[in-house]
Structure formats: C-alpha cells, structure tokens
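Undergrad: I'd like to ask some things about the structure below.
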Amino acid sequence: MANPLYQKHIISINDLSRDDLNLVLATAAKLKANPQPELLKHKVIASCFFEASTRTRLSFETSMHRLGASVVGFSDSANTSLGKKGETLADTISVISTYVDAIVMRHPQEGAARLATEFSGNVPVLNAGDGSNQHPTQTLLDLFTIQETQGRLDNLHVAMVGDLKYGRTVHSLTQALAKFDGNRFYFIAPDALAMPQYILDMLDEKGIAWSLHSSIEEVMAEVDILYMTRVQKERLDPSEYANVKAQFVLRASDLHNAKANMKVLHPLPRVDEIATDVDKTPHAWYFQQAGNGIFARQALLALVLNRDLVL
C-alpha cells in the first residue's frame, strides 16, 4: 500500500493532515536513529532557490546527499535564464521538471510554489518558503523538536514573539499545532507586526485559546515553548524597522521563572532578539532545532519519493 505522501506536492502545512504530520515525524525519528545512505540512490532532485537562504538550502541539500540522491540546481536566480533572459517561472519549472524526480523551491513571491505545481507535471514540488506566506518544512522540524523535547504535540502552551506579521514560520507552526488537541497560544508582537487576522480567525473557528501580550515577562512562567523570531529587515521600510527591531529581546535574566523544561526555539538567523548569554542556558534549543532540519527534510523526501517506504 502506497504511503499517502507519495508524489504529493508539499506547498502549505495545510496540505498535511494530522496523520500525515505524525507519519513524517515518526519517519524522521527512524532516520535520525538509523541513517539510510542509499534510500534515494537513483533519484535526482532539483534545489531551486530564487531567494537567499543558508540553513534551509544547506539542510535540504545535505538531506538529499545523505539519502544518496543526486542534486542539481542553483542558489541565485540572477545567474539563470529567468534572471538574465527574462524566462518565466512557468517555463523554468516546465523545463526543470523534465530533468528531475522532485523540485525543492524557495521564491520571494507569495504563491510561487503553488504556481509551480501547475507546470511540474507529475514531479512533486516541495515549498522551501514563498515570500511571507508558508514555510512547511521549517514547521516539520519545529514539530519534531517540540515532540523530542516535550514528549508531545498536544496540551502545550506556546508563546510566539517578534515579527508575527511577515514571519512565515509562525504562520505555518500555528496552523500545524492547531491540528493537535489542547494547545494554547500567546502572541507577543508590536502592533505593526501582529499575527495576521486570518490566523486568529482560524484559531477562533477551532475553539483554540489565544491571547495578545505586550511583553515576554507576562507569559514566561506559563509556557512550554518560547518561539522567538527576528524582525525581517528585508520586508520593512527603514523607519519601521528602526522602531521595532529591539522591542522584544530575550536575555538569560528573563528566564529565572521559566519552567524547567521550557525550550527557546528560533528559526534563525537571529539578530539582536536573543542575547548570546541565553545560549549557555538549558532552555536554549535553537541550534539543536536547526540540526533537526536534516531529519525532518530527509523524512519528507523519503516519503514523497518512495511509494512503499519501509524503514
């Protein structure tokens, strides 16, 4: 029986049901415990990054190599026919899809990954981030890390801090955790960078508790996960950026009343929002979180490219 993710496009976290998420996370745990260096030995995967990336691109490409796949692609669209000759995204994807078994794609335009699926034929497209919209594979590694550290994905108190308007990671993570029972959210952001209304409406429709706060201190003692984000300079005008960049900064001294097993997560890169003295505390878990990207992305690639995956 084929697994439900075989040859499936993964554009939004909402493309994955709760059962799908559990399957990916279980597969990630197996691959972390038992590496499979030849699982994708005869597959070719395109790594198409139309927007700058460090962790996501290297994590995906490392995942591909560690599963034995061959990797082709680019990290700067300026040096492609699309960038230099004006080729359309549709034509670029139409051609690349004739070469490969899957396409991993990041693009600055919201909806670009969904558009790519219309031109990729039977080749699955995995969204590595489209503008400020979705970042589903970051969410998978976030869920994997939360499950590893907390032992569950339900009945959690989760605080999200910083840029909640443009931060695609918090949109995807909130939608994913809303699929599990009993979770409660605390949103801490300047008014200019508040969580979008459609996310709040979704939580209301599901009867999920949430609240808005003006400081981290207000919720520190309550939370199991403190998810920090940077203010995204590239998505703000200079005056707006200057006003909000230092509004929410986490320091080690702020953690004095945190739960013993509370973990601080961050999608990275960080700028000033987490002081380096936090790194030395047992709550800091963002580097381990980044490392888990290998296993979450390996799991997704393995499932999308293997009809009958047995590990």
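Positions of Cβ are set from backbone N, Cα and C atoms, glycine also.
Reproduced below are the annotations present in Swiss-Prot:
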BINDING   R55, T56, R106, H135, Q138, L268, P269  carbamoyl phosphate binding site
BINDING   K85, R168, R230  L-aspartate binding site
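Please go over these features one by one and say how buried each is and what sits next to it.
TA: For H135 (carbamoyl phosphate binding site), the same-chain residues lying six or more positions away in sequence with a CB closer than 8 A to its CB are T56, N127, A128, G129, R168, T169, S172, P267. A coil conformation is recorded for H135 (carbamoyl phosphate binding site) in the three-state DSSP classification, outside any helix or strand.
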Undergrad: Let me know the largest Cα to Cα distance in Å among the carbamoyl phosphate-binding residues R55, T56, R106, H135, Q138, L268, P269, as an integer.
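TA: Site span for carbamoyl phosphate, by Cα atoms: 16 Å.
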Undergrad: Work out the three-state DSSP category of R106 (carbamoyl phosphate binding site).
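TA: R106 (carbamoyl phosphate binding site) sits in a strand per DSSP.
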Undergrad: Write out, in the order they occur in the sequence, the residues of the chain not among R55, T56, R106, H135, Q138, L268, P269 that have a C-beta within 8 Å of the mean position of the C-beta atoms of the recorded carbamoyl phosphate site.
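TA: Neighbours found: S53, T54, S59, A128, G129, T169, P267.
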Undergrad: About how far apart, in whole Å, are the alpha carbons (Cα) of P269 (carbamoyl phosphate binding site) and R230 (L-aspartate binding site)?
TA: 7
Undergrad: Reported as an integer number of Å, what is the Cα distance between R55 (carbamoyl phosphate binding site) and R230 (L-aspartate binding site)?
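TA: Cα-Cα, rounded: 15 Å.
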Undergrad: Measuring Cα to Cα, how many Å separate L268 (carbamoyl phosphate binding site) from R230 (L-aspartate binding site)?
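TA: Here the two Cα atoms lie 8 Å apart.
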